[in-house]
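As written in TrEMBL, here are the features:
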- 9-31: transmembrane segment (TRANSMEM)
- 89-106: transmembrane segment (TRANSMEM)
- 113-130: transmembrane segment (TRANSMEM)
- 142-160: transmembrane segment (TRANSMEM)
- 172-191: transmembrane segment (TRANSMEM)
- 203-229: transmembrane segment (TRANSMEM)
- 236-260: transmembrane segment (TRANSMEM)
- 266-288: transmembrane segment (TRANSMEM)
- 300-322: transmembrane segment (TRANSMEM)
- 342-360: transmembrane segment (TRANSMEM)
- 380-400: transmembrane segment (TRANSMEM)
Amino acid sequence: MKNTLKTSLAFKILALLFIISGGLFALYYLIFDPQPYVNIQAGSFLDTIAIPFDWVQIGPISFPIKVDNYLVFQEFQALTPEIHLTESYIYAGIVWLGVVSVLTLITEFKKVFFIIGGIVWIVLLTLSNFNGLNIGGQSANYPLIILLAGTLIPLIYFHLWGQKTHLAIKWLTIFAGTFSGLAILITQSPITNPEIYIAEHSLTIGFCLALAWVLWNGHGIISGVYILLARANRNLNLNITVQISFIAIIYLVTLFFILLDLQGDLNFPFPVFSALFLLIPLGIFGWISIGGKVNQSEQLVSTPAVIKALHLIGFGLSLWLVWKLKLSGNQPGEELFKHLLVYSQFGFSLFFFIYLMANFMSVMNSGKAIDTIIYKPHSLIYYHVRIGGLITILVITTYAEGIVGVQANGMTSNILADYYYQIDKKLEASILYENAWMRYRKNPKAKFATAKLLLDLKQPTLAKQNLEESITEAPQVDNILLLSERLHLENKVFDAIYYLEKGLTIFPNEPHLVNNLSLLYTKVNKSTEALELMSQIESDDPVLNSNLTALQTKLGQPEVNVAQPIDLISQLNQLAASNALANIPSEELVKSIKEKLQQESSPMLINAGWRNLMSEINRNDPNSDLAFLDSIGQQPEMLDYLMSLQETAVIRSLAAGRVTEAVKNLNGLAFRNPNDAAYYLQLSGSILAQNLDFQKAANEFIAAEEKGFQGFSTHHWSIFGLAGMPAKSVEIREKYQVRLPSYVSNQDTTIHKYLNIIGRFHQTLPQILLHQWRTLPENELKTDIAIRLIVFKAHGLGKEDLKELEKYITDIIGPQEHLTIFANNPDLKNIDSVNAFISWIKASNELTANPYLSPLIISAVDINTDPLTQYEILNAATEFNQDPILWFKKIKAARESGLDNYADQSLEILKLWTSPEELELLQNMNY
């Protein structure tokens, strides 16, 4: 058998893979993710920010048209601890494979040691609580008997009668017996999910096997280092006494500091590494030490190959145990393992050093092969090392007030609680977790799970008591987050803030606490403190950086980072900040957001993303975008965001210049959504005012006020005045403390002339407006009227009039290529002329999109020769526009279509703002 293990390449490869994989997993969780069970996730919620979609400048009156963009804030929430069921099964499989391998090797033990090994295995199974499977009755012994039969029967057989059997056959047979026993337990147990019960309680077996390996290799590091030093000193005569003394003292002092840290008595400013890191050098140097021992001693439990194989298996099981303890959050088990590791290392290393100095100090520096005799003869003197080490362990255990007993109890309670937690028996799990924490305070998962389960069991008062107790006695971040979240849910915002602030005094600059506290500060009007707190922490966490961008934008201090974020939420906040600054976002940002939205499943982010993307002027045909938004809105999961998507569609229509569609849809949204009606109506009013329809705009603002709108400003005062509602102007000024515009006190009469002209711009004939324009003195207001004359009244002006206006405009603001093309050939039937006109005014290619652009309406009418179609175009435009020429053409088209009644009604309406002289002028000019 010795030769078999020595020459088995497969065994060596498997052992190496077993150890390396376990080591990598252990190191990962020790270094990068020490609490993998903690489940702190960022929960998202939306807030809105009004961004300047367009800017309106009507002479001395200016105001933005604002639409809402979404900011996505993320609040950290402590969720239910993660369940690693698959990993539990994997670890259980590893443990039982290790058990099979160890039992296989025990068959090769000498008789006395075989009996001792069998007794130890019986004790270990008894302590593992498999009787909780309740086969044959409550806590009956049948599960234990089944496992003992499955494992010991083949074990005894091979030891007594199968010594010459190939090791692989032994392993397969014991494997079959062991796993058959486990299969019987799973199929016969009446409890819920017995396989989970066995998987969780396999931790006890894995723990004990790893602990046995640790105690066995007690002085492995010191003895292994000494052997290497002794080999290096052959024929050199160096003073290795000093070297081994120095190394031993440094190691013992390090162990002492680790022990103080485990006890909580270390007050040094520098951190101490985890005792679990010692497993790796213990395994490596222990291999060297055991290699020397088996080659020197004749009093071995079995052959050297068996002993070395046991060492490799134990090394691997110890590393995999670290992985399991970290993954399951069994802190009492981890602390127990660390305590016993440090106790044994300190005790056995100390006495091995004494053993070396007492027996070999005189020949240490001779350069002879001392490393080959330190275990030879294997006499009573060496056993004193073991006895002294055990005594030291007992002394340290007493010094630590027997904490290992409490830790062992907490570990087993956690194991059983994990089982109940995974089968969703919340009451039993909460009781066991609470009991585990009460016995041993350093058990963060147990305390958090207790509170979380109590909340699930509708016992918030008990849950909060547990969380408050934790913050007082053993604070942890997830508990603070959970308590503040619960208090916030109960509208106890200041209490939530108190605990977050207290948490930051314990965990300075902890990013989760900083983030949530900043968000709560904004809710109690501590915006400055919120921004300052968020800005102070330097972190690469995308959540914090995204929230900082959103918070800056929300507080009116938007900043656009040069570096483009990667995640969607950060990009959406970046886009909102760019829109708030009225910047054009980069093509890369827009493209990246669109690509991510195509893959996104969150309705909230889909809604926010398309809103922010479509909140910019875009005169391209919106039909494809509108159809896309409509298709999104028809998805069942988007039902909660249907109104918002419809609002986004309105914004997209407005961006494309579809004023008619935007205004009508806004009124429809106001009707269907009364809670937001004020917002929709004021937005509609601003659009109408931008197009110089002040009467309709004023009516929209009045309707918005009736729905709760109170955000009246200086430009609203001016609009009511231009609409001929001076009493309403006075009312809002007094009611909402609206400041008067500066132009009121301006002595320049040009402003007042300008306002008189602009107030009835659409209702006035083009020739009359041209005459009024010519009387204005030279200034920017005259340029403004000249531009508006062409934009809104070009259909009623002659070629010479247009050329006069074109020359004036180009003399003031410079050459205007498209304007010149149109002025030279102002034929509204000519495609090139119309396109030049559209390009100059930056309008939509849809001629009827904006009813106030009368020249384009006339162009659409002239292109169509059917009187009825002409009437329909004009009728749709005159729902908004009071341009006399449009109304006159509408009357004419109605008569040509045989709709005399409609023509007569339209004429009577036209007379409301058109004098008989103007009507006569219309008829004489034959429009």
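Counting starts with 1 at the first residue shown.
Even glycines carry a Cβ here, placed using N, Cα and C.
Note that the coordinates shown come from a computational prediction; the quantities given were computed from them, not determined experimentally.
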Positions on the same chain near the transmembrane segment (142-160), where near means CB under 8 A and six or more residues out: 99, 103, 106-107, 109, 114, 118, 121-122, 125-126, 130-133, 135-136, 170, 173-174, 176-182, 184-185, 189
Remote residues contacting the transmembrane segment (9-31) - C-beta distance under 8 A, at least 6 residues beyond either end: 274, 276-277, 279-280, 283, 309, 312-313, 315-320, 322-323, 326-327
Any contact, the transmembrane segment (300-322) to the transmembrane segment (342-360), with at least 3 Cβ pairs under 8 A: no
For the transmembrane segment (203-229), sequence-distant contacts whose Cβ falls under 8 Å of one of its Cβ atoms, 6 or more beyond its ends: 91, 94-96, 98-99, 102, 120, 124-125, 127-129, 240, 243-244, 247-248, 251, 278-279, 281-290, 292, 310-311, 314-315, 317-318, 320-321, 324-325, 328, 330, 333, 336-337, 340-341, 344-345, 347-349, 351-353, 356, 371, 374, 385-386, 389, 411-412, 415
Long-range neighbours of the transmembrane segment (113-130), counting only residues six or more past its ends (CB under 8 A): 103, 106-107, 143-144, 147-148, 151-152, 155-156, 159, 185, 198, 201-202, 204-205, 208, 212, 301-302, 412, 416
Leading contact stretch, 89-106, 172-191, 266-288, 342-360 vs the transmembrane segment (236-260) - CB distance under 8 Å: 342-360
For the transmembrane segment (89-106), sequence-distant contacts whose Cβ falls under 8 Å of one of its Cβ atoms, 6 or more beyond its ends: 114, 117-118, 121, 151, 155, 159, 167, 170-171, 174-175, 178-179, 182, 195, 198-200, 202-203, 205-206, 209, 302, 306, 309-310, 313, 316-317, 320, 323-324, 327
